[in-house]
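The block underneath contains the structure these notes are about, expressed in structure tokens.
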Amino acid sequence: MGCATSHPLLPFNPCCLCSLGLNLCCSCVNSHNLKSLDLNGVTQFMEKLEQKKERKDVRIVVMVGAGISVSAGVPDFRSMTTGIYQNKMDKYSLPTPQHMFDIDYFISDQGPFYDFVKTELYPKSSTLPTVFHHFMNLLQEKKMLSRIYTQNIDMLERLAGIPQEIICEVHGTLSTSSCANCKKQCDGFTTMRRIRKGEKPTCEKCGGPQKPDIVFFGEKMPRKVQEQMKLDMPDLKKCDLLIVAGTSLAVQPFASFIDAVPRSTPRIFINRDSDGSGRNGEYDDPGGQHLWGKCGNYRDVLLRGDCDKVVTNICRDLGWLAELQSKIKTFADLHKKKGSTNVEEKLFPTQMGERRGSKTAWGAIGSTSSKERLDARRSNASEKVRRKSSGKLKKSESERSMNRNGGSISPSHRRKLSKSNSNSSLTSVGSAAVHP
Ligand code: OAD
Ligand code: ZN
């Protein structure tokens, strides 16, 4: 099966010939830049994109899941040996592990979730961005990244310094919280702090339970995500390259985003165990399924392995390794200097600033303050000087650890999405999130 693009002048589907390597249909012609469906093909394509950016905008979209935070010590959901659904839910006697994130269950009993927040969910001061997060930030600094769609609620993208305006937190965030009953918003930091202290925070207005603004089963997607989807996700529509990493693609509508990119856009899937077939492969949209491993595949590349290692290899092949290492080192140095408050100040800046009656030390959530940028530039400059003089980088702790995102979501596709609640894997667009 190929891209099934018909050609007005040909009496047959030209994609049949693409599978023979002739690349005649529009999609395949446009994407034959992907010389091979492997790491080499990916890096060659990225190299071209880097050259192209001098002349026109380059738009890489990255879609990520729990797997990119695993090396930061945050467990994913579905890995058999380490995933939280298999390994961390027994003590709560829930009907199913997923009930931990079910809104009806939460309203009836906040105990399990609050305990889970206390013991597992809260980003601890030791939870720091991974190599993959820094790689995304590097792409952003190179002006090649247009959007990150993240299912993660750990806010490590923000902490890595990636500007908030390009991050779309599809499953919400811990940075704010609201009343599960009347939806009145309240201070996210205070809610988290009270839960951690063993309290059950309630709404000032109606007395309902406070819940961090992360999307639960049976809850609507965040307004921002709904608005982006109404606009047919322009970032995805114009995307030059889609990188999907560390997700099982088991949850909708997130998994369907991969179908919103043009059919000529190469899609890279980086994953340690899964090949993404856990996603709901029910739609018959010809572009509706990934093509890796299938006959006629012309654009999908499965790079199996640890995402930190895979992007390190990509950077090495692109000649970006020193920049990536320098970025990680700069972050590590800053973090060491500022200590653990760094994490809380950066994730909850408004609240921290208000509490002190002073301006926040970090500016907008997730954005890099000018002081921080200055520090980073100085550190980069001195790093370059040092590299020149020593000929090689001294290995820091973080460097040592390295050795270790045209179709849109069409109306018909949307209708399918809203109908398709089977496998309980779907959230209809703008409606409740249901997780498998
Ligand atoms: P999953 O746990 O379903 O998938 C994580 C994927 O990352 C798995 O396929 C792993 O094989 C892979 N993985 C783990 N470590 C990796 C590593 N170091 N390098 C590369 N790949 C690695 O997590 P998500 O797909 O993010 O929603 O789950 C989606 C949603 O399901 C979550 O956002 C969560 C859950 O219900 C909420 O609860 C709000
Ligand atoms: Zn309330």
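Backbone N, Cα and C atoms are what each Cβ position is placed from, and that goes for glycine too.
Taken from TrEMBL as is:
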ACT_SITE  HIS171  active site, proton acceptor
BINDING   CYS179, CYS182, CYS203, CYS206  Zn(2+) binding site
COMPBIAS  370-384  compositional bias 'Basic and acidic residues'
COMPBIAS  419-428  compositional bias 'Low complexity'
DOMAIN    39-321  domain 'Deacetylase sirtuin-type'
REGION    351-436  region 'Disordered'
SIGNAL    1-31  signal peptide
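Here the features listed in TrEMBL are painted onto the structure.
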residue	record	DSSP class
HIS171	active site, proton acceptor	coil
CYS179	Zn(2+) binding site	strand
CYS203	Zn(2+) binding site	coil
(request) Calculate the per-residue pLDDT averaged over the domain 'Deacetylase sirtuin-type' (39-321) and state the result as an integer. (result) 87
(message) Taking ligand 1 as the reference and 6 angstroms as the Cβ limit (strictly under), which recorded positions among HIS171, CYS203, CYS206 are close?
(response) HIS171
(request) Provide, as an integer number of angstrom, the distance between the C-alpha atoms of CYS179 (Zn(2+) binding site) and the residue listed as 'active site, proton acceptor'. (result) 17
(message) Going by Cα-Cα distance, which of the binding-site residues (CYS182, CYS203, CYS206) sits nearest to HIS171 (active site, proton acceptor)?
(response) CYS182
(message) Please list, in sequence order, every residue of the chain apart from CYS179, CYS182, CYS203, CYS206 whose Cβ lies within 8 Å of the Cβ centroid of the Zn(2+) site.
(response) ALA180, ASN181, LYS183, LYS184, THR202, GLU204, LYS205, GLY207, GLY208
(message) Suppose we draw a 10 Å sphere around the Cβ of CYS206 (Zn(2+) binding site). How many other Cβ atoms does it contain, all chains included?
(response) 12
(message) Name the residue among the recorded positions HIS171, CYS179, CYS182, CYS203 whose Cβ has the smallest number of other Cβ atoms within 10 Å.
(response) CYS182
